[in-house]
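Chemist: Below is one structure. I have some questions about it.
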Amino acid sequence: MTKFIFVTGGVVSSLGKGITAASLAAVLEARGLKVTMTKMDPYINVDPGTMSPFQHGEVFVTEDGAETDLDLGYYERFLRHSKMSKTNNFTSGRIYQTVLNKERRGDYLGGTVQVIPHITDEIKHRIHASGEGHDIAIIEIGGTVGDIESLPFMEAVRQMQVELGRNRAMLMHLTLVPYISSAGETKTKPTQHSVKELRSIGLQPDVLICRSEHAIGEENRRKIALFTNVEERAVITCEDADTIYQIPRTLYEQDLDDIICERFGIDAPEADLSDWDKVVDGLLNAQGKVTVAIVGKYVELPDAYKSINEALLHAGITHKTQVEIDYVDAEALETDDSLLARLEQADSILVPGGFGERGKLGKMRAIKFARENKMPYLGICLGMQLAVIEYATNVLGLEADSTEFNRKAAEPIIGLITEWLDEKGELQVRTDDSDLGGTMRLGSQKAELVEGSKLHQIYGAKLITERHRHRYEMNNRYIEPLEQAGMSISGYSAKQHLVESVEIADHPWFIGVQFHPEFTSSPREGHPLFASFVKAAIDHQNI
């Protein structure tokens, strides 16, 4: 039966609960255990699909088309044998929506609907469902202990600990141990108060992960153990690392996996972390460096492009090359000529996905720069669409645009997808008046690559599967004039012949893809498209 590890955070947010939980999952998986992970988010939004990237960071898309928290990207990158799905991320909004729908249907037989038991029961039901078929399920609770929004989740965890017992449930609490530089001291009091807050709602941590900029020391570990009622060996120190991919070994060297296996009565072989050692070695001992200019409109918050950042990092590991990212504000690039110098200094240019017209002309300016200067270019989703618009405008001389920006465009080369088959093969229909949330072409879709194309060579296969998140697509009636002018279509959707990718034949490396390859990149395997893109940047640097 599935064992559950609940992960909470205290003192401050952004301590790295997701990374720590994923690192633990990687160590347990390395011991031969079947591990899955779930993120519970206390906010009222049904999902993060319509949330601003400035507030929430990127939206990570799963194989089955769920728009989820970016932490699920960490989960997939750290786990080799477990893919996330719709069951692995849910919010307060989703829980309340489900409970209210049941109330409207009469499922509660006229009873008074309350937080306890109805909301907490729905939370517990989803936790159990997410862990089915696995040895261990790690459940991360978003936010910080003490947040009013997270109380129903904490109560559900408390109930599950009672119902499952010590041999099937345990609590891991992440906390900050700050270093006061003026006093030259590490302070344990915030951790003590954080655990006190947990205990006030009936939760006692079994493991403490103490985050700090500096070494905490054995004396402070003993002090924390004494005042929090946690076994001293279960007080795990986690100092700032050079790379997040060092964290699995950090946890392993402090026997966290042994503590968990002993608690759950699991007999499993020792973990082999040699793969992670190779990843860390590739990152920290790079033999060269390239710069990739990412031209977007959310550049003030790198988390908005988290999976792309990581995919470039993974490609760097493949080539033992440090990939430095220069974030260029697309909106500023529209009028600021001085930013062109940053494009000139880069070794390649990437325009990521996005929505809305803001920054459009700056992105197209960067695309034109890459095209005319034979600089490696990768366009993802909107980055592909704008590459098509730029080419049609400046090479074909058309008044081309997307109906996303101009519904009365003279040459609507990009338009709304009105019908497509989803990942289950079911017909989906959309109009301009459809809701924004949950109405896109989402999840894994098959694409057929044109034989002999650069993309076909990169993937080494004719049929590929990649994840999508878009509601606009290239208009097929422009395929012929584009191809006659030198921009070829290198991939189509397997069933409906939607354009999936474009490339320019007389350019060293110019590719646009409608899908999101960054969602399937991992530190141990990388991704062929990003690996080829970084190799093209290395080649361009050496010209």
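Just so it is clear, glycine is given a Cβ too, placed from its N, Cα and C backbone atoms.
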Chemist: Starting from the CTP binding annotation in Swiss-Prot that includes S13, D147, I148, E149, K187, T188, K189, P190, T191, Q192, which of K39, K102, K223 is the extra site residue?
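Modeler: Given S13, D147, I148, E149, K187, T188, K189, P190, T191, Q192 bind CTP in Swiss-Prot, the matching entry from K39, K102, K223 is K223.
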Chemist: Among D69, D71, D107, indicate the single residue that Swiss-Prot lists for the ATP site containing S14, L15, G16, K17, G18, I19.
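Modeler: Answer per Swiss-Prot: D71.
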Chemist: Considering Cα atoms only, can you say which of S14, I19, E140, L382 is the nearest neighbour of K189 (UTP binding site) among these binding-site residues?
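Modeler: Given the candidates S14, I19, E140, L382, the nearest one is S14.
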Chemist: Residues with Cβ closer than 8 Å to the Cβ of H516 (active site), same chain and 6+ apart in sequence?
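Modeler: Spatial neighbours, sequence-distant, of H516 (active site): V61, S307, G353, I380, C381, E466, R467, H468, R469.
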Chemist: Around K223 (UTP binding site), how many other C-beta atoms are within 10 angstroms of its C-beta?
Modeler: 19
Chemist: Within 10 Å of each Cβ, count the other Cβ atoms, then let me know which of the binding-site residues S13, T188, Q192, Q385 comes out lowest.
Modeler: S13
Chemist: For E518 (active site), which of the three DSSP-derived states applies: helix, strand, or coil?
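Modeler: In three-state terms, E518 (active site) counts as helix.
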Chemist: Need one number: mean pLDDT over the region 'Amidoligase domain' (1-266).
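Modeler: Mean pLDDT across the region 'Amidoligase domain' (1-266) comes out at 95.
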